[in-house]
Amino acid sequence: MLDGIVKGLTNRAIGQALGISHRTVEIHRAHIMRKLNASSFASLIAIALGQQPAGRALHHGESDVRRDASRSAPSNRGGASGPK
């Protein structure tokens, strides 16, 4: 879904592609924004693209939890049991 948002698709187009209603897309987008602490649509796009949103400089020693979390997210590339 986030990929569709970044590509500029409408909620309706994203919903059709995923087989869900546009309202469900709106709700999911709102949840994603809240979890990523994105205060605007532009900051959501910046986060999704791995860029630091404008006006939000990290202080010395501060971690960008959003970026760190996306790097440590489990991947299913190795199959259910993972690489051996």
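The backbone N, Cα and C atoms fix where each Cβ goes, glycine too.
Annotated domain 'HTH luxR-type' per TrEMBL: 1-52, in sequence order. Residues or ranges marked as region 'Disordered' by TrEMBL: 56-84. Feature annotation from TrEMBL assigns compositional bias 'Basic and acidic residues' to 59-70.
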Mean per-residue pLDDT computed across the domain 'HTH luxR-type' (1-52): 92
DSSP-assigned states of the domain 'HTH luxR-type' (1-52) in counts, ordered helix, strand, coil: 35 helix, 0 strand, 17 coil
